[in-house]
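What TrEMBL records for this protein:
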DOMAIN    8-694  domain 'Myosin motor'
BINDING   Gly101, Glu102, Ser103, Gly104, Ala105, Gly106, Lys107, Thr108  ATP binding site
REGION    571-593  region 'Actin-binding'
DOMAIN    858-1041  domain 'TH1'
Amino acid sequence: MALLENSVGVEDLVLLEPLDEESLLKNLQLRYESREIYTYIGNVLVSVNPYQQLPIYGPEFIAKYQDFTFYELKPHIYALANVAYQSLKFRDQDQCILITGESGAGKTEASKLVMSYVAAVCGKGEQVNSVKEQLLQSNPVLEAFGNAKTIRNNNSSRFGKYMDIEFDFKGSPLGGVITNYLLEKSRVVKQLKGERNFHIFYQLLAGADEQLLKALKLERDRSGYAYLNQEVSRVDQMDDASNFKAVQSAMTVIGFSEEEIRWVLEVTAMVLKLGNVKLSEEFQANGISASGICDGRGVQEIGEMMGLNSEELERALCSRTMETAKEKVVTALSVIQAKYARDALAKNIYSRLFNWIVNRINESIKVGTAEKKKVMGVLDIYGFEILEDNSFEQFVINYCNEKLQQVFIELTLKEEQEEYKREGIPWKNVDFFDNSVICNLIERNQQGILAMLDEECLRPGVVSDSTFLSKLNQLFVKHSHYESKVSQYAQRHYDRTMDLNCFRICHYAGKVTYNVTGFIDKNNDLLFRDLSQAMWKAQHPLLPSLFPEGDPKQASLKRPPTAGSQFKSSVAILMKNLYSKNPNYIRCIKPNEQQQRGQFSSELVATQARYLGLLENVRVRRAGYAFRQAYGLFLQRYRLLSRSTWPHWNGGDREGVEKLFEELSMSSEEVAFGKTKIFIRSPKTLFYLEEQRRLRIQQLATLIQKIYRGWRCRTHYQLMRKSQILISSWFRGTMQKKRYGKIKASVLLLQAYVRGWKARKDYRKYFRSGAALTVTGFIYKSMVQKFLLGLKNNLPSTNVLDKKWPAAPYKCFNTANRELQQLFYRWKCKRFRDQLSPKQVETLREKLCASELFKGKKAAYPQSVPIPFHGDYVGLQGNPKLQKLTSREEGPVLVAETVRKVNRGNGKTSSRILLLTKRHVILTDSKKSQAQTVIGLDSVAGVSVTGFKDGLFCLHLSEISSVGSKGDFLLVSEHVVELLTRMYRAVLDTTQRQLPITVTEQFSVKFKNSNVAVKVLQRGDGNGKLTCKKKGSHCLEVTLS
């Protein structure tokens, strides 16, 4: 019973306590703010427009509500639609769903939801799906031609719609019939401030392509049409262009041919262009005022579209033919009368076009078979209206709502009475407001307001709205539900809010004051015969069929029925239809005037609640017993309140319920036992049962929790005990196994010692005591002999680069094997050296020295390894001048090559010849061949060289030398590794000291009295050009590119 469990507020207002308007509004507001927009009044659904898309619709919710009964889930429109469909399908009861409410309350959306639910749950199949699609696609077509933007609603239905959907015996749709009521055709020619004309006009101008607009003689600019309100041309969240495409598609689905769609759009365009026909004042020869057309082009275009001569159309608009039995009289119309005729023509064309569209849809969706059908009607009609200025339209709308309220009261009481009778419960007459007196006041034959209005319209003589009001005052001056100034004066009541041209009716929803101005004209709804005949003569394929009365063969002097009598007849047929069906009600409510989500205006909702008679509905439902439910469901829910029925009851459902109430000691006046249902009079009793059930559930939940916790603890304890026993047994077994293993090992050890002792004792009896050592020594010598002989046969090659050596066969020979390997390798090296000449030995010593100095330090070293040191790179033997620079005491020249000397001032380089002897380093000009600088090796303090592939190096000289006073030498050599190696050996031989050679990229060079920091940078691979650049006075930057 979801309506009492976990609900927001009260889901069924029948159970509301206290029952008054304030509590009803608070309950609706509470549910609305919690996004619960649906509330029940018994089987009546109250829907509050949320003005937003809520996640409570779609296939998932349709399937959910399809499987449950009415009260098992939260209130929802799907629940009501499901009850109606299931009753139609399984009980063969024709159904009717009445949707009422103000404009903007969501009636159209509610009817769409009902139809979408029925379409989703009914049968499947190609034909069935086609019928369902046609029924659903009728909505966008009717909305385009019958809906408009109003102050209260952006998509307001300006007509009443009743659709009968017909089903076969299986519950599959066969077709349907649509009936429309009272289209607001006055909107075609005039709209209030902030409102629009019907949607189709804006959709046509926005969505039609240029070719279609040209064919219809229309311009896309909406400001050029007098019938369209220029203040409001667009509506938020509404795309007129895409909606026009949707309307065309829907018409195609329904079955409209391309020609019929074009005819409809042409007639729509004619209505638009009629509003642009301008009339001017003219005078006849006798001086009588007449009217004429200002711009003949507009009339000519309309005539071309109608297939009518423009002169004939102009004549019909500006003159009128009065015909009697003997003669015809043609009178000219004044400008005011001509404008009335033009607007009347536009309104009639559009109204009849709308009726034709409805009839054309009915032709497509009508049922072709004559088999027995089940019918579900959906009524989407305007709700009760009280405006500041109420006219004829509000009068007939409120009359229709009075009739619907009468149907609701009668059918609801009838349903209640039948259920009481069916269940054997005594029925007591219910006091309620019977609005039949108001219905009779309006519709009574010959003496009702509509009858007086028709009589006033038909009688000869001077007829006006004031004479109609005078007749009403005479007839109803003493009526309890009629008021006017005359009746108030008669009763000595003075109400300054009521004008002399008004009367007031006390409707069921409140008092409404009507202004009689325009009643006569709106009731007459006259269209001059000249215009009807002109439309009938038109060559347009559709237009003549809309005006059959224009046919001269069918011409009649009898006046057509008035709008009031036509509406009265339509309402009578509707009421007859509703009485023949089982009604289901949806009351739609608008929460605020701004169409904003989340806002709830209590005053506005209270007014609508009175109009809809919600409080009256609740009182009727609660007239007898507020709640009733089948015995089985009731016992299933509340059996836990009695010890006799809980937890098991083996008797009948009714006996169980009786036993339950007997133990609860409930008053007999609060409960009645029907044949299949239990009836509870007061909601307080039901709430008491719910509270007791809640407390009992808490007790049972506590009991279940206690038993569960005990069971869980016992189970846990048993598992832990079982686990502990198992672990203990395994532990004891493991400990015993370990103890047994230790005892067994000890016993075996003792046995081994004892056996050994016995064996040794027996051995000493028969053998010498040193035999074991002798045998061991013999075995070891044999193993050594075998190892050495095997090594002799497997010696590796004598190549000094071959370091292979066989492994020892036993670990005890590893040390001896390594010693033998080293001896063999030294022998190979000595043998290799003995084979070398003294010159080769000297070369290897130089290479060894170079390796010690530069290996792993300078990038140019690996390239110098395979190249032998040559020494003479300038052709010294062929140059006597250079030979003279060295004395015989100097010995041979170790290195002679061309180097580049870095200038101390600007960093530029110049070519020099460098000669290295055992005692000196001589630098001479390559051109003059004269010694410029002679540096003793004992003056060389050290050498700095880079780690790159370049040949840059610096000779650091000691300060005590004569040359050293000038500063260090910064040189660049192509054979820097050879030069520095031989210089290092020469210094070592001459001075018995090691020459310091530093490999670095940053070093300091002394130039005269200042030190210069040399910084070497490498860019790229470093094999390119060497560039020196002075950076200030104390820095020299060398770049390798």
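Please read every residue number as a count from 1 along the shown chain.
Yeah, the Cβs are placed from backbone N, Cα and C, and that goes for glycine too.
Within the same chain, the residues at least 6 positions away from Glu102 (ATP binding site) whose Cβ sits under 8 Å from its Cβ are Arg152, Gly383, Phe384, Glu385, Cys588, Ile589, Lys590, Gln608, Tyr611, listed in sequence order. The predicted model assigns the domain 'TH1' (858-1041) a mean pLDDT of 83. Residues Gly101, Glu102, Ser103, Gly104, Ala105, Gly106, Lys107, Thr108 make up the record's ATP site, and a Cβ search at 8 Å around their centroid adds Asn49, Asn153, Ser156, Ser157, Gly383, Cys588, Lys590 from the same chain. Ser103 (ATP binding site): 20 other CB atoms within 10 A of its CB, across all protein chains.
Other C-beta atoms found within 10 angstroms of the C-beta of Ala105 (ATP binding site) number 25, with every protein chain shown included. Every protein chain shown contributes to the tally, and the Cβ of Thr108 (ATP binding site) ends up with 23 other Cβ atoms within 10 Å.
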